[in-house]
Amino acid sequence: ILNVADMDADTITHTEAPVEEGEPYFTSLDLFLFSLIVGIIIYYFMPRKEPEPLPEFKKLDTPPPATRETSFIEKMKKTGKNIIVFYGSQTGTAEEFANRLSKDAQRYGMKGMAADPEEYDMGELSRLSEIENSLAIFCMATYGEGDPTDNAQDFYDWLQENDDEDLSKLNYTVFALGNKTYEHYNAMGKYVDKRLAELGATRIFDLGLGDDDGNLEEDFVSWREQFWPAVCEHFGVEASGDESSIRQYELQEHTDINMNKVFTGEFSRLKSFEIQKPPFDSKNPFLAPVTVNRKLNKAGDRHLMHLELDITGSKIRYESGDHVAVFPTNDSALVNKLGQILGVDLDVVISLNNLDEESNKKHPFPCPTSYRTALTHYLDITHPPRTNVLYELAQYASDPKHQETLRKMASSSPEGKALYQNWVLDACRNILAILEDMPSLRPPIDHLCELLPRLQARYYSIASSSKVHPNSIHICAVVVEYTTKTGRLNKGVATNWLKNKLVTDNGHKSTVPMYIRKSQFRLPFKATSPVIMIGPGTGIAPFMGFIQERGWLKEQGKEVGETVLYFGCRHKNEDYIYQEELEEAEKNNVLTQLNVAFSRDQEHKIYVQHLLKNNKENIWKLVHSENAHIYICGDARNMAKDVQTALHEIAEELGGMTRTQATDYIKKLMTKGRYSQDVWS
């Protein structure tokens, strides 16, 4: 690089004339030439030294194409909408319900829009009254231990922090989505409902509670059937009686398109699977190579597996107790069958374009893409369809009996609900099974693609510690496979997909699109605190990470408290997974106690809760006297409840408490962060 200062000095030397002593150093000609030369140098060299600002200004002049309107009030005014349906959604169901409610509005002479609270300024709720006959509906799911979903976290924080907010002119209602098997049933929906009322808003219809452990669809339909008449009464409007199908997207077929512009499974940025750029998240997953995929169980008819994903160079960081989210794809055999039964060429490239041009959601999934890619990567084709899908599809059945059956199942009549429960849910009929069992039902594939929900990421508790495996994430899972009442073999989408992720497949490395979801399931801050880990079956996953971490701390010379594990499986010789690792950890005193319940190795079944009761004195001493932290991972419906009951009984017996006191005692442990659950139903 040329140095301007050096150049100046050099130039001065060359332009100097011999001078007499006592005369001025420079004549006016010298000064003129000197100034001219310096000027030329500055002109030529300065831009080369600092080229950066020019492109920066260009960037500023061109706004990014994805700029979004953060004012939902302005958007509603611009598009003539008066109902806004916000959703807090982790798995897509709340978003689906929000879309259904916003579509419903049209049947009541109103106009609705579904909205992600993460995309808008929720401080504008107080301004909603600027729009006549306006209403805010909130479809709020609860995630984990009573937490808001990722996209509703900011809204939750805003509600908590703004005590002075005046929402006295806001009309609202809430439908909550939860699961009764969890400790904090529908906590987020209940909180939003209560908090909006505290801030002065007017509740125009009762809080709806949806229970995914029962029949969430039925809960929603029943609530919705009563909700709309209440809205009509409140605003003095009447239903139009128009129950006809309302399309949200229009089909565009691409006959001559550059295939580089076509989505092939990516989620937001074209070619993001070919050119990977951090940071990696739900919209930009990292393609992690599979380095290990082994069967864990020695025998038995199930397939328990251990996978290791390589995250080298991704800048992904995780901690023990976090979840890894993976994006599976549907079985190609199912996709091909759908194409055959509907008689379509799955490789046609299409776009489904939103008829509402002002909507933030331009397409139901990344477009342009092929039907094959949409059905493989983007759409859920294995879950039983919801009633709104059946209702919309009914018009395409040429047999009046099929039409009637579909409409009946979508109705709120007791017979209709019972038929849907029996024929669709209990029989586990997915869309392909319904098409097979109703030969007259042949909908256009583009409308079917519009109606099917998005295929969601699946979450697994990470079975490793980043202290020991900084560049690797371990997954422990059991392959889901079962025969339905109709004799069909149903396979779990994600677990069967993972099972087939061989380390090398035809010479290529298998990869898994993934990202990390942070969790509150954490080892105690003090390594000296004792831990009691209770995790039967694949519930052992996060505890493999905890054990690795406690072992690593010991190796660092840290004092580590008691580390106690309660694990359970069916048979010692079949599915005692990670047996060698656990016994090694016990031998090295990393695990101070290893308690294993083999439920079916004797006549009467023995589960982890029975072992807890057998060791009640030790459990009580650790919890009550030594401030132990309790961790439970696995099945929420039975195991987590039975374990909690066992701990209540120990507190009653050894703590001299009543049942109410024992229940409060455990609740206090939860509040203090000493009783953590990572459970699923």
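Glycine residues also receive a Cβ, built from the backbone N, Cα and C atoms like all the rest.
Keep in mind it's a predicted model, so treat the numbers as computed, not measured.
What TrEMBL annotates here:
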type	residues	note
BINDING	89-94, 141-144, 177-186, Asp212	FMN binding site
BINDING	Arg302, Thr538, Ser599, Arg600, Lys605, Ile606, Tyr607, Val608, Gln609, Asp642	NADP(+) binding site
BINDING	Arg458, Tyr459, Tyr460, Ser461, Cys476, Ala477, Val478, Tyr482, Gly492, Val493, Ala494, Thr495, Trp680	FAD binding site
DOMAIN	83-228	domain 'Flavodoxin-like'
DOMAIN	283-524	domain 'FAD-binding FR-type'
TRANSMEM	25-46	transmembrane segment
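It is Lys605, among the binding-site residues Arg302, Arg458, Lys605, whose Cβ has the fewest other Cβ atoms within 10 Å in the structure shown.
Among the binding-site residues Ser89, Ala141, Tyr185, Arg302, Tyr607, the ones whose Cα is located within 10 Å of the Cα of Val478 (FAD binding site) are Arg302. Each of the binding-site residues Ala141, Cys476, Ala494 was scored by how many other Cβ atoms lie within 10 Å of its Cβ, and the smallest score goes to Ala494. Across the domain 'Flavodoxin-like' (83-228), DSSP helix (H, G, I), strand (E, B) and coil residues number 65 helix, 35 strand, 46 coil. Farthest C-alpha pair in the NADP(+)-binding residues Arg302, Thr538, Ser599, Arg600, Lys605, Ile606, Tyr607, Val608, Gln609, Asp642: 24 Å apart. In this structure the C-alpha atoms belonging to Arg302 (NADP(+) binding site) and Gly492 (FAD binding site) are separated by 13 Å. Per Cα geometry, Trp680 is the residue among the binding-site residues Tyr460, Ala494, Trp680 nearest to Ala141 (FMN binding site). Binding of FAD is attributed in the record to Arg458, Tyr459, Tyr460, Ser461, Cys476, Ala477, Val478, Tyr482, Gly492, Val493, Ala494, Thr495, Trp680, and the widest Cα separation among these residues amounts to 23 Å. In terms of C-alpha distance, the listed binding-site residues Arg458, Tyr460, Cys476, Gln609, Trp680 place Trp680 closest to Gly144 (FMN binding site).
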